[in-house]
Amino acid sequence: MSLKSKLTKIQKLWLYYFPCDRILAKRICKSTVNTTVAFIFCLIPKITAHLGAAPAMLPMISVIVHPGRRVGGTIHGAIYCITGLIFGLAYAIFGRFLAQRCLGSSWHELTEAQQHVLHYKRYEAGLAILAVFEVIMLFFHGWMRSVSHYYFGIVFPLFVVVHFAFMDPLNETAGTIAKAYSTPFYLGIAMSIFWNLVLFPEWGTTYLGNTTIDAMNELHKSIDYSINFFIAVDPHNSSQLYSRDPVSLGKLLKMKSLISSKVNNCRVVLHECIYEFTYAYVSPTKLKPIISTLENLTVFINGLVNTCQLEFILLARHDNKLRPDDVAALTLPKNKEISFANAEKLLKVIDKLHPVIYSLHRTMSECMYIAKLVLAHAFDVKVSRVHSCSMFKDGNFPTFSNNANNLPNDVDIQNKINDLKQALEECKAKFKSEMLSFDIDIMSPSDEMFLLSSFLLNFRQTADSTLVIMESVKDILVKRQIQEKKGWLRGKRLWFLVLTNYETFSIWLKGDRNSVTENDTLKGTFNGNTNGFAHDTVIRRPDYEENELLSQKVSSNKNIVKDDASLDLPMTSEPKGNSSSTSDTSSSPLTLTKTTTFGTNRTSRRQGRFSFMSMLISIDKFCEVSHPHFRFGFQVAIALMLASFPMFIPKTRQWYIDYRGTWIGFVCILCLEPSVGGTFWVFFLRAVGVIFGAAWGYLSYVAAVNQTNPYLETVITVFGAIPGFYYLLGTPYVKAAIIEIISIYIVMLAAILPSQDDILTSFAKRCLAVGYGGGVALIVQVFFFPLKAREQLNEEISFVCGCISEMELLYATGLEGEQVASSMSEEKYKKIEKISKSAKEALARATAYKGLTRQEPRLKGEYTELENVFTQVIFIQKQIIERIDTISLLRKQNGSAVIEEFNSVVYPYRRQMVGSISCLMRALQEAFINKTPLPQFLPSARIAHRRLINKVRQTLRIRYPGQISNLSDKARKPNEGDYADGKDEDDDDNEGLVMKMNRRGQANTTANPHEYVLKEKFLSWNASSAASEEIIEYIEELLNLTKILVGVNEFKYGFLSRPLYEDWAAEAVTGFDNFINGKSNPMNTRRNRTPFDGTSIISEGNESLQSTNSNESQISPDSTRSYEPECPVAYEKNDNPAALNLLRIASHKAGQNADGLPKTFRNRAFSITSTSGQLSSLSRHSTLGNADPNYLNDDDESSDDDLPLALKMVLSHMKEKKD
């Protein structure tokens, strides 16, 4: 191996473990230069004389307010730091003033040692006042850090000023203290801003344009790839219109998380721009509507990708050669409803609609490309960043160079908008005309139609969102052209966005991201880029958030209180002295006057009691909401007072000062976290940082040979600061890196500046500070109100389950049969959007907690296996929330025909399905939070959803009986077992779940059913049904994973402990003669060892969509052992039981000429078994309401091969026992 190849290998290995891009390298360079210059200023005596009594604060503040971020982030950090300095300095001077008053008039004449000897009591009282002020400051510091991590940039400088000022001698004046803790701080902040603007400036507005273009590139690519994947079923077809083959499913699924992070980063950078002065033609706020549209576009693209995933399952592409990333990405449960749909029908429809979809896709892709070009020109982004689409064979996309200043003049935006509108209308018309050519069987509600509707609705909404983007781009282009006509000098303006409206001011004051940690605040960048490193701390979700978002009882109670408070007693008689206006006062509320003394006193007492009770309720609510703030406030106060109590005791104060007690408190405050983290791991990292920094400072000082060579000393410190800034800016270990960098300069300056300590003593005292201060912080955080990551993980997963239940209830409208004007109001959608955002943040926290749990000590065995289960749980919850977002936005945009027109008929079925889902999710929520097993019985949402689909299909047949019968004559004859067999009502009507339809007025309905089912609202319901099937399937999988984590309650004894009828059915088949004569011996059934062994026993042959006996298992959520039948058939007394062929029953083989088992016996045997996943295709087909005999290949209806698979399994078990 040559030297060059070895170096290349070493370089790749280095970049793998320590990734670094160009932006990070520039930021490290800026920060290192800034801190080095600050250290050089401390070495110059003339500059040090102007810095006051604490010149070592200059390098420290240069690290805290570092320039290694964008301009907006630096200004943001500077504003927060200055705010903390001002209030901290004022608070410290006030506390010292009161302490000096206790010393009397001699406070400025005597030293602290003399005060200790001459005025001990006064000196002790003054230190007691300082201690009280210190405790109040520490509690406020912890409270503010717990309220919002944004405020860490304010309260940390406040702590530094107050803590260090209280350590200074009490005989120093207020002017000396103000100079010591203002000049170096303000100089360090000014230097950071200077180097941020001079050396590699990063303007947020320019970065905003680049980020928006990058996000639109990914969105554009995802749209093209997903549409190509869906309609290009046969990539080898010569009539294929695309020049590229479809990408793999794995790559398509990975794009969802990528586009989500890109769009979120756009919003973050937009909020960061409010701190900047921008000199440009167009204000950055012009991108706000585009970014909002991109967020909605992300939801529709996720819907497109999900439909591609369903199509992949339906077309059974697993029979073909799969790419490795396809196999890795397709981690789906086996019992997918879509796998039982008819692929031929879907392919037939796609083949018809292929040209229509392609035409709109091509126009939409071209408009997206033009929009990116215009935005790149408007915000001075290099045109080379814009990616064009080259997957169209007849595509003619223009390309431009970077110096194309006349770019907008070559593009007619309005013409492109008109083309897109026309293409959208043509797509709707052609789609309607093409679909009208099919028979009603294809148009009826089915899994194929659900899949197609989901794709078409998301596709159209994507085109509508592109149209909205084009309108916004047109306004930006017009604004840019107007400003350009004024010339370069007058055209550009200075934009400052912080005080433009209340929203930007609120963001500036409080921030807009609840998931920001203190590390992100110190780092100054909120894009979550940690270069592959895991977070060491996570922000904890406020306890009151769950009550605000998920507690329906609280909101209802508020309404009750409000209503009760507004009730007034009616007047029964007219008060004295008010003889006039009788008609007015007779109907008015009771008015109490001064003459009614008794009533006034009674009312005043009631009002007093009500006010007192209201005050108690408010206090109780405040304490409940502020519980985590109290907890961390007490933690900070206890830890810091344990670490620094000697500074407030007269006898130990001087000793504590000599041992650098301020360092102990400084290390202790940085080791305390209001977040959940690996406490021992974080303490270890920060201890290593302090020791390494102090050792590097010692090395630098020794290399300078006792300050004889300060140049070499400075150069060596640079090599120690570079890795520190790398860990500060490029990894989540921010506070460990801060302590390491500060320790380098603090240890050196303690020996360089006039003091009694040499360099070795300073190194030892710094190590003592991390051992004592960090140890105290560790003890307090472990034993005083500890937070455990594994408990927080369960809480977050439980919270997400509650969010899903609440979103499902908000998504459902009209569950009581009432008439609703809109199926999704704006208010409900805003609530769903808010809950969805909180749930996604909770999932991000759960992912971090999952990694942190490995660092915690555990006594219950290894955590590795449980971590894999939690990984799957988080993934499934994310998929559920993603699909609820999609269907909610689709319903808001298009409505729902079933809710708005059929709700009076189908609402009991909708209510049962929604209630089942909500019940399941609430049961999971309580199981996770309480760590209790699941109950024995849980409702089946899958069956409820199938019944809803069947009822909608039946309602359509009742609404249009004549048209459907005419269309059905051309089609095949329905199967005998089909649900849609012409009956007006099914068996569930006898249970009172469905209301009879009023036949009056329906006979006059002559509308074409094709016209109805092609309405946008009905397509929206079809699309939501496809997503609802997926949601139910994921919920069942989540239920199974929950059983692994918390277990499930099972009946150990009694009738429900095992399926007794299974033994009866087995004996009826194997020993019919003995069974008839009453000589049967009950067999001992074997119970499953684990509730998840279903996949091991269902292994009789390969899976096939055309097979009559499907072997895929469907695990019902009702119990861990038994499986609920999908289609139980009641026993009919009119059937003739004499048609049994005992020979065939005993042989288990289908005869050629003999009659088989009667249909009633087979159905009855199926209904009494406890396995639903092992059904014949006839039963599955009957449930779905499809009646295609060619598709099912059910040639012999009475064949013995149609016996339930569960019955065959029992027979196989019996043979094994005999063997």
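Keep in mind that glycine also has a Cβ here, set from the backbone N, Cα and C atoms.
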**Request:** Can you dig through Swiss-Prot and tell me which residue of Tyr242, Tyr979, Tyr1191 is labelled phosphotyrosine?
**Result:** Tyr1191
**Among Ser586, Ser1107, Ser1113, Ser1199, residue that the record in Swiss-Prot marks as phosphoserine** = Ser1199
**Message:** When the topology given in Swiss-Prot is taken at face value, are Thr652 and Ser762 found on one and the same side of the membrane?
**Reply:** yes
**Request:** Based on what Swiss-Prot says, identify which of Ser515, Ser1099, Ser1104, Ser1198 is the phosphoserine one.
**Result:** Ser1198
**Item:** Residue carrying phosphoserine as stated in Swiss-Prot, selected out of Ser243, Ser1096, Ser1167, Ser1182
**Value:** Ser1167
**Fill in**
When pLDDT is averaged across the topological domain 'Extracellular' (58-74), the result is 87
**Asked** In the same chain, which residue numbers or ranges, 6 or more beyond the ends of the topological domain 'Extracellular' (58-74), come under 8 angstroms Cβ to Cβ?
**Response** 27-28, 30-31, 34-35, 38-39, 41-42, 51, 81, 156-157, 160, 184-185, 187-189, 191-193, 195-197, 199, 201-204, 207, 272-276, 522-525, 725, 728-729, 738, 741-742, 745-746, 749
